[in-house]
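A.B. asks: What TrEMBL shows for this protein is this:
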BINDING   102, 126  substrate binding site
BINDING   127, 181-182, 201, 236-240, 262, 288, 312-315  NAD(+) binding site
DOMAIN    43-340  domain 'D-isomer specific 2-hydroxyacid dehydrogenase catalytic'
DOMAIN    136-314  domain 'D-isomer specific 2-hydroxyacid dehydrogenase NAD-binding'
SITE      264  site 'Important for catalytic activity'
SITE      312  site 'Important for catalytic activity'
């Protein structure tokens, strides 16, 4: 671990989303620019400089001004600061990249490893938040909820137009691609619904856990997907998974399959999803991750039929914010003392990428 010697003043930059009028509505709303993870007073009392912004894109943005001399960059997956190889080259003092939350794919991890940087995240901080959200999305798509809600808002009443494509969750086959912390929590929460649960992952669960959850391991993803009524994406974005759900893979799925993706937008081939939703091959698509983020106004997923998309919100509940703010503070404290982080928090350490990103 690179040591920040005590009494050594560091420049720390945080990139978060702006809360504007919502910043004062909840004292625990820590994950925004205004409340800056609740660590400003603590950092400044230790003699460190703490700059916080939401302005992260383009050559003239606020973040770009601080790249040459910052020591630590904190970002979140909800409003990511894209840390390219070019930015890493300019950042002569940079030692530490922290993700307040989970998922560090907004960073060029190979470039970070080559430059000897440490990349870490607050592992586990929002796994419950995301798993609960995935369960909600499965039900929203299965029951055709969004068009029903829209009818009420628009003063309409047409039961038939909703019920002709609304189903029970019981008895359906649900498959998760990836069964790490979030995937396991989702499967546990689905158990009481009486579904047929399948999972594909690079690692099989221990037999006792598999039995307790009631999920069956499928080693070959191509064998699992055609069996599923619902597919949930729970794999990190890596070079292997980028664009993985392309026309060919989507074509192997059941006609009318429902897809939930809270992992990363770039795991899906954007246009392939649009075409499959428009043709009805995908019966419904719901997620809160886009590529890029924030999603531009003309992003085609905004205008697909049978979608239940949201901005990236699943992992930034108030409960999750309290956990990832505390985890970020803990790692900064350790960094200032030259101590190691909890092993599971490392994404890049000593030039090596964590296994899930290799």
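The backbone N, Cα and C atoms fix where each Cβ goes, glycine too.
Tell me about the surroundings of these features in the structure.
C.D. replies: When other Cβ atoms within 10 Å of the Cβ of residue 236 (NAD(+) binding site) are tallied across all protein chains shown, the result is 19.
In this model, the domain 'D-isomer specific 2-hydroxyacid dehydrogenase NAD-binding' (136-314) carries an average pLDDT of 97.
A simple way to gauge crowding: the CB of residue 264 (site 'Important for catalytic activity') has 24 other CB atoms within 10 angstroms, across all the protein chains here.
A C-beta separation below 8 Å, combined with a sequence spacing of at least six in one chain, links residue 312 (site 'Important for catalytic activity') to 77, 78, 79, 288, 289, 290, 293.
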A.B. asks: Take the C-alpha atoms of residue 236 (NAD(+) binding site) and residue 264 (site 'Important for catalytic activity') and report the distance between them in angstrom, rounded.
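C.D. replies: Pair distance, Cα basis, whole Å: 7 Å.
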A.B. asks: Near the Cβ of residue 102 (substrate binding site), how many other Cβ atoms are there if near means within 10 Å?
C.D. replies: 25
A.B. asks: Show which residues of the chain containing residue 182 (NAD(+) binding site), separated from it by at least 6 in sequence, have their CB under 8 Å from its CB.
C.D. replies: 127, 130, 131, 134, 234, 262
A.B. asks: Which one of these binding-site residues has the most other Cβ atoms within 10 Å of its own Cβ: 126, 127, 238?
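C.D. replies: Result of the Cβ crowding comparison: 126.
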A.B. asks: Which ones are near residue 102 (substrate binding site): of the recorded positions 238, 240, 264, 313, 315, which have a Cα within 10 Å?
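C.D. replies: So far as Cα distances go, the recorded positions lying within 10 Å of residue 102 (substrate binding site) are 315.
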